[in-house]
């Protein structure tokens, strides 16, 4: 006889409180592994006798792959398996505490119960997640404040700009909003790994190392029709400009709504932010990391080569590059494959840069292994090591003869001010020392040599290159660019070129200078300005040459990354060339947010956003974009009328906060002259 369908009370509120899943807005039970949850159901006669529970996940559940468990009621539960303990029973209902193993496969489970010989009756489904609060879990994080930040916090700050001028912008991870959890689970079911072998893929989903690698591939669209399509061309008309996003929710929702077509467009911080959302949602502690002067070493020799022509123009030669900044992720879990000292923070990178195992995925690389130069350990150690440690070689390239001449090399250029958001505060924390020993120290050089040796690169620059061109000569002069005045879009750019004669005889120097608008990856887009001067420097003399690039000169060419590269190639008579360069990131003008009155749960509160046009021409196509978890649903978009020179606009809108506590409101203001001016404000919501 088939059992009557029992009705199940999943005790959603109590279980969610116990399992740190209260922030999910779901009608489905969401719990964490290795910890008991309580359900109550009725419709069974004498329930405590011979009840058998069946928990199963994936397309072909089996005990062998640990995707199927059958268990009956016992008085104690082992940590190794599933179990059920009777809490209480009456003639009509029974309350059971169910627990899962600490290394259970995560995902959506079906739960059924069987009494005696009758066929199983379905109780419903629940979702099982990683448990950083449980000491037996691979993602266990002993510090509670860190769990709050790296799993439960929906707001983040991503650092950008360049090493001379670090800026940060807010991001709404929104991992608990709407159906984000279901979308995250469907990402797993669309990976190449799942498509090739669903049974094996699901059986590996107990392992954060496996899931981290799979998701680093799935967040980019390469290979697998993943979530975000990268675009570094400077042209984004048929999609959204990567700088315009303010949160992951809109991206993940668009991916699902379009029938899982990649969302246009992303750059590194977008990939990193979306991966943070997905991993935090699944319960793996995760944060974004920004590396300034980040190397992309395409040929795996731990050095990047940059080429310049005689006029000082940076040439697109070779696949290596140095980015003003690059954003990746760190996730926290044990490395049972490598040993205890390699556990802790692991580097994952979803930006499609180089293939690993035939597809665009990167990591997990143990951060400790990177610091110690253990580049032979899984996964992708050489690439990550180079991002923070590569040596830079600057060449003069003559396209007529094909001859290249080394201008100079630098071992302290790459991997600067590695940054992440502080725990519980909106501040920047520098984690450079966790990636490498002090630049220029003997220890740091030893580690670099150790890494090269492990990769079979002996201690010369490049065994295949002719030796003559790699001998560095001592320059006769030195030079640098200094910034004079503010670096703001809409204002003239004032620089000083400072040249110093290092010798005790006079030197004649021809200086070829150029300024180009670039992307944050330093890829050149348009030439803004060029000039050349001839100067004579007396013995040991230092001279300053002012450079002014007016706003109308650069306004048309400036990219939405607001970056300019200035170079001066100095040809010294009778001596070697000297390259002086600087990457400049301009700031947008500010916008101001005011919350008018007290923010209370389920009560309207008015917010005012103000912007003043700082330039002497009209700005048009003004759009305000607003979002914030628990403050408003989705993204609010408001059109604003054009603003005349120096005119101030003030826009008001209403919020209805849905939850108490400190919440963040993110604002993005765009117009034809100032794309994507971002700011955020913390709003303290009270009951």
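Placement of Cβ uses the backbone N, Cα and C atoms for every residue, glycine included.
Copied over from TrEMBL, here are the features:
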ACT_SITE  268  active site
ACT_SITE  326  active site
ACT_SITE  349  active site
BINDING   389, 391, 439, 444  Ca(2+) binding site
DOMAIN    260-352  domain 'Transglutaminase-like'
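Summarising model confidence by region, the domain 'Transglutaminase-like' (260-352) averages a pLDDT of 95. Shown in sequence order, 436, 437, 438 are the residues of the chain, 6+ apart in sequence, with a C-beta less than 8 angstroms from the C-beta of residue 444 (Ca(2+) binding site). Apart from the site residues 389, 391, 439, 444, the chain places the Cβ of 390, 411, 412, 414, 415, 436, 440, 445, 448 no farther than 8 Å from the centroid of the site's Cβ atoms, the recorded Ca(2+) location. Counting every protein chain shown, 26 other Cβ atoms lie within 10 Å of the Cβ of residue 326 (active site).
Residue pair residue 391 (Ca(2+) binding site) / residue 326 (active site) shows a Cα separation of 17 Å. The Cβ neighbour count for residue 349 (active site), using a 10 Å radius over every protein chain in view, is 30. Neighbour density around each Cβ, counted as other Cβ atoms within 10 Å, peaks among the binding-site residues 391, 439 at 391. Ranked by CA distance from residue 389 (Ca(2+) binding site), the active-site residues 268, 326, 349 have 326 at the top as the closest. When Cα-Cα distances from residue 326 (active site) are compared across the recorded positions 268, 349, 439, the shortest belongs to 268. Separating the Cα atoms of residue 268 (active site) and residue 349 (active site) is a whole-number distance of 9 Å.
Neighbour density at the Cβ, taken as the number of other Cβ atoms within 10 Å, is lowest among the recorded positions 268, 389 for 389.
The CA atom of residue 349 (active site) is located 24 Å away from the CA atom of residue 439 (Ca(2+) binding site).
Helix, strand and coil residue tallies for the domain 'Transglutaminase-like' (260-352), in that order: 18 helix, 41 strand, 34 coil [DSSP].
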